[in-house]
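Here's the structure, in structure tokens; my notes come after.
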Amino acid sequence: MSVEEKARIGNSEEPIIIETGKYAKLTDGSVVVRQGGTAVLVTAVMSDEPITDVDFTPLAVDYRERASAYGRIPGGFTKREGKPTDREILVSRVIDRPIRPLFPEGFFHDVIITALTLSADDKYDPDVLAITGASAALHISRIPFEGPIAGVRVCRVNGEFVANPTYEQRKEADLDIVMAGTKDAIVMVEGGGKEIPEEVLADALFFGLDAIKEVIEAQERLREKVGKPKFEYQKVELPEDILKALEEECTPKILEAFNIKDKKERYSTLDKIVEEFIEAHQIPEELHFAVKYFYKKLESRLMREKVLKEGVRIDGRKPNEIRPIWIEVHPFERPHGNAIFTRGQTQAYVTVTLGTPDEALIIETIAEGEVFKRFMLHYSMPPFSVGEAKPWGPPRRREIGHGALAERAIEPLLPPEEEYPFIIRVVSDILESNGSTSMATVCGASLALFDAGVPMKDNKHVAGIAMGLILEKDRYVILSDILGDEDHLGDMDFKVAGTKDGITSVQMDIKVKGITKEIMLDALKQAREGRLYILEKMYEAIPEPRKEPHPYTPKVEVVDVPEEKAPLIIGPGGSTVKKIYDETGVKVWVGEQGKVYLFVFPGGDVEKAKQMIQDIVREVEVGAVYKGTITRVEPYGVFVELWPGKIGLLHVSKMAEPVRSATEKYKVGEEIIVKVLDLDELGRPRFTTIGIEDVGTEKKEVKPKVGDVYEGKVVRVEPYGAFIEYAPGKVGLLHVSKMKERVKDARQKYKVGDVVKVKVVEIDEQGRPKFTDDV
């Protein structure tokens, strides 16, 4: 039986429709969520048996977009979808993050969420529909789930908040965030803006929370109609006497270990405490997992109490205290820009590489087809950064997500493409990790961009900070610059990046209900204070983008040419720009409105490249006579270069001495004097040798007149007439009809080499004389 529920989502143009009972019925729960012409199928499946030796819910989320949903055929050789794209991975993460904290403690069954885009229009993005679909599928299923939640995108367009805006509205927005929440609490935020004030972000979040209420109510109604009884899972249990002994014996040791500032030493000590307890009490092997599970819960509770009661954190810092910062700009010679940013035991080495427009990242997206990215930020966290002896594999989902977060933070400050045409690639390699590596990446990227001389907007640095929260009933403490432990054991992970003037990127995961607007504003205020402190340190290290780049950093110069002549610089198949690069080492990119960009790498001769471009666009005068060099010979004509880059065609029909094939008379490398007849549609000259005379290096034009008499030589004979060379390089036709002695075939009277006296009786439209031998 098919059942559907409909709900408005804030001030969005069209309602949300949630349908179940028609598709994918063998799953534990499945729904189709629609808005406009966009539809997403979301399924939830759970394993019957729990996974052993894990202390978390083994959740996996897989979001996929089919090209058919957009009416497209995938590109590539196979013409089928392949491994998940970055876009699919990022959407999978925003589905995963809000639902993961809502599985009950001790639930260790495999849960697989799959979202498949069935249809996609040109108005609504499927991503937020997939978040709502994941919640609805779980809510109506047997799978234990403390939802429902709903997803919404909030944008600010012309100063007004819009829920689930269209693609066109998003283009005009200065704030674009995806968020998810329960009926009364925000649980996840992901997005960014153009230096947005903290108060505006807070207002947007609570606008979004209000917008999703009807969608959550629709899910409740759906469960009332078709919901399955929830699965009774086996909870983790431990005998009371062991649990009591664990708390009494381990509490003082854990508190003492919290005072150890070094991460590796603290982790090792905490692990040793529980191992010694198990050994001392001879705990049976089947209870080892339960002991460690409750030990972790004890560790979390003690850490939280220490912060709430004493205002002191694991490493001894105050709640708003930031770890010591150490910065090194351009530590290594060859990268175009590079910097080390260290905060406590978190360290990022960030490089900037500048490239030419042909090195842009081309992404085939399902919605938009090919997209060219001029800015890329890639984040990498090798195992050695946490002291693990593991091989370094390909990027994982977490790394792709962290890179996207940092990329979003930096991008609004980049110079416009027309002012700074370089392709920019930033790479962050995490060398040490103890929390907040994505925010260290933001800081390191900003420093490295300054080092590379990238003219960031208003010379502004971008800094990031990760905030945490400990919340117990009516007490809460906000933590600045959190450690890895505080992330895992706290109630909120709130990453904020931006400039001194506002927020450019935000990511928030909240594990508890009850985050009020007051708490949110306090967290944003404390984050701003921390961000300003970090920015101060960054400006001390490098106050503005370098005016003079390093020796190995490429430079760019701009040459303006007439827009209609720009294709000449490219040349057929890019041959001209390739020639310039081969001869000068300068890469040429032809932009819009006659802008030609010269990318100068070490060893490049930019002055020579400029001269070559000036020669290419230099005007030739129609009717003028020039000396050139033959660069290519074809049967139909020869290509003559007047100066570097200025090449035109001398067609056989425009030659003073008619020939069947130009290869009979001309060779590559020969000099030739030509007259410009006209220009083709691309501005390339077309030549003739008719009516000009080569006298040494002088260019003397000869114009025969009717009545002139010449003594010439026969250079070619055809049945219809003889071609007479009446002066060096100048030929005219003696037609059989103009011969004094009438013949049917000129070959009956003349042969090549004969000397004949002729008179001009006519000048054709191309300036060539026609003769008679009746003199």
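Note that the numbers count up from 1, one per residue, in the order the chain is shown.
Keep in mind that glycine also has a Cβ here, set from the backbone N, Cα and C atoms.
Annotated Mg(2+) binding site per Swiss-Prot: D487, D493, in sequence order, evidence recorded as sequence analysis. What Swiss-Prot records for 554-613 is domain 'KH'. Per Swiss-Prot, the feature domain 'S1 motif 1' maps to 623-693; the stated evidence is sequence analysis. Per Swiss-Prot, the feature domain 'S1 motif 2' maps to 707-775.
For the domain 'S1 motif 2' (707-775), DSSP puts the residue distribution at 6 helix, 36 strand, 27 coil. Between the binding-site residues D487, D493, the minimum number of other C-beta atoms within 10 Å of a residue's C-beta occurs at D487. Mean pLDDT for the domain 'S1 motif 1' (623-693) in the predicted structure: 89.
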